[in-house]
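Peer 1: This is the feature table in TrEMBL:
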ACT_SITE  277  active site, nucleophile
BINDING   30, 35, 84, 122, 280, 344  NAD(+) binding site
BINDING   221, 266, 267, 268, 269, 270, 274, 337  substrate binding site
DOMAIN    330-432  domain 'UDP-glucose/GDP-mannose dehydrogenase C-terminal'
Ligand SMILES: NC(=O)c1ccc[n+]([C@@H]2O[C@H](COP(=O)([O-])OP(=O)(O)OC[C@H]3O[C@@H](n4cnc5c(N)ncnc54)[C@H](O)[C@@H]3O)[C@@H](O)[C@H]2O)c1
Ligand SMILES: O=c1ccn([C@@H]2O[C@H](COP(=O)(O)OP(=O)(O)O[C@H]3O[C@H](CO)[C@@H](O)[C@H](O)[C@H]3O)[C@@H](O)[C@H]2O)c(=O)[nH]1
């Protein structure tokens, strides 16, 4: 099939490369000239394991462009994967999506064959209906809009796309069948498996294809993210209770998680969730409910708990150091989670800002994103490629992103560089027992 992807970010690029790999002719369009120029040179602008290799493998069927052009006329399916970032009030900004739709209207008018327009961007309930009526007002009748929410995780985007649990398509029959056909190799798992992209260990055998109405598909995306965020905020509150009563949150999570009704995923306590989706989508769902006169109390608490949780690490530091004025603090990990170079809503940003406000001298390290960090952190933060540098004379170290790199460090040697061997693990990721044996004063989140 002829596919056009509008918006070549995490979602658009992953989708475009995958669909080309599966045998479709794909054109990826983006207004960002630098991104397209990199892609045309075979370089991926984002860090996603397996993406670059798959892009190479699909090269013959993959085009990148900055201009909407004749490819729209020839397309069977057009995906919209532009950003929907939050406005000040939490509502999603739909400017990019509407702009993209307006850009293609003139081309659609010239088309004879049916075009399926696919909303992959996360959008409020009713957006597809609204776009549908705008298109009809322009006298265009040969299009059908479907909602096809995306559930990939950054850092695992390729595996999540090739080996998803489910594919959700909301829309009317003809368009839904067109997408079922497009996704057939994934639904049936009948493609050549790339060697460097492994399926998740516990994946169900069949990929569920869920054909629903558009509004349910649109709401399901927000619901999934809100529910996962709720699990994280819930376990974080349990961790805070653990700290008060002397229990271990990892043990509590293991016990409750072994009940399949609860499930063991997303029960890692820490400094809260970040990233481009959970903070944005929880606020968007809260906003959507509010606009309909419904106050979503549980979701408001999920958001509030997450905001407070980020700064818990500062209180823990102050408990051991009394005050932070003039003290060197080593910060490990800056991206919002391991496996990505993304800083959107990274907890490291408010934490580092607060450390600076408290007068600390902040030295920070990240295994892959130290250059990018300059754009997001205050200028006074000393960013270093060398883990040793940040530990020299440090009064304490804090871990904010659980990169494997930090678990594999030679802690004995690093401890010798520090002024005080104090370690606060904001992700409960380090081996507390061996660190204590090495003489570290170790504090986790909700760990005895
Ligand atoms: N990042 C994720 O993990 C993820 C997962 C699931 C769903 N989503 C949703 O998917 C959507 C896209 O997210 P993303 O992270 O890929 O965004 P992104 O910011 O990485 O990419 C969006 C791209 O769209 C481009 N763009 C904006 N306006 C355009 C236009 N008019 N024409 C062509 N290109 C245009 C931008 O230049 C940018 O490259 C969002 O709604 C997001 O909530 C994201
Ligand atoms: O037990 C956990 C699991 C995650 N997190 C944090 O939660 C955030 C989000 O993590 P993750 O879900 O792995 O990353 P994303 O790439 O943001 O993916 C989420 O957001 C995407 C965008 O909507 C969805 O498509 C995915 O299904 C959804 O998992 C990160 O800050 C993690 O550190 C925790 O604190 N504890």
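The backbone N, Cα and C atoms fix where each Cβ goes, and this holds for glycine too.
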Peer 1: Determine, using Cα-Cα distances only, which of these recorded positions is closest to residue 30 (NAD(+) binding site): 270, 274, 277.
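Peer 2: Checking each of 270, 274, 277 against residue 30 (NAD(+) binding site), the shortest Cα distance is to 277.
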Peer 1: Using a 10 Å cut-off, grab the number of neighbouring Cβ atoms around the Cβ of residue 270 (substrate binding site), all chains included.
Peer 2: 27
Peer 1: What are the DSSP helix, strand and coil residue counts for the domain 'UDP-glucose/GDP-mannose dehydrogenase C-terminal' (330-432)?
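Peer 2: The breakdown for the domain 'UDP-glucose/GDP-mannose dehydrogenase C-terminal' (330-432) reads 31 helix, 18 strand, 54 coil.
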Peer 1: List, in sequence order, the same-chain residues at least six positions removed whose CB sits under 8 Å from that of residue 277 (active site, nucleophile)?
Peer 2: 122, 225
Peer 1: Quick test of your reading of the structure: among the binding-site residues 221, 266, 274, whose CB sits under 6 A from ligand 2?
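Peer 2: From 221, 266, 274, counting a Cβ under 6 Å from ligand 2 as near, the near ones are 266, 274.
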Peer 1: Restricting to the record's NAD(+)-binding residues (30, 35, 84, 122, 280, 344), give me the longest CA-CA distance in Å as a whole number.
Peer 2: 24
Peer 1: List, in sequence order, the same-chain residues at least six positions removed whose CB sits under 8 Å from that of residue 274 (substrate binding site)?
Peer 2: 336, 337, 344, 345, 346, 347
Peer 1: Looking only at 221, 266, 267, 268, 269, 270, 274, 337, the residues listed as binding substrate, what is the longest Cα to Cα distance in Å?
Peer 2: 24
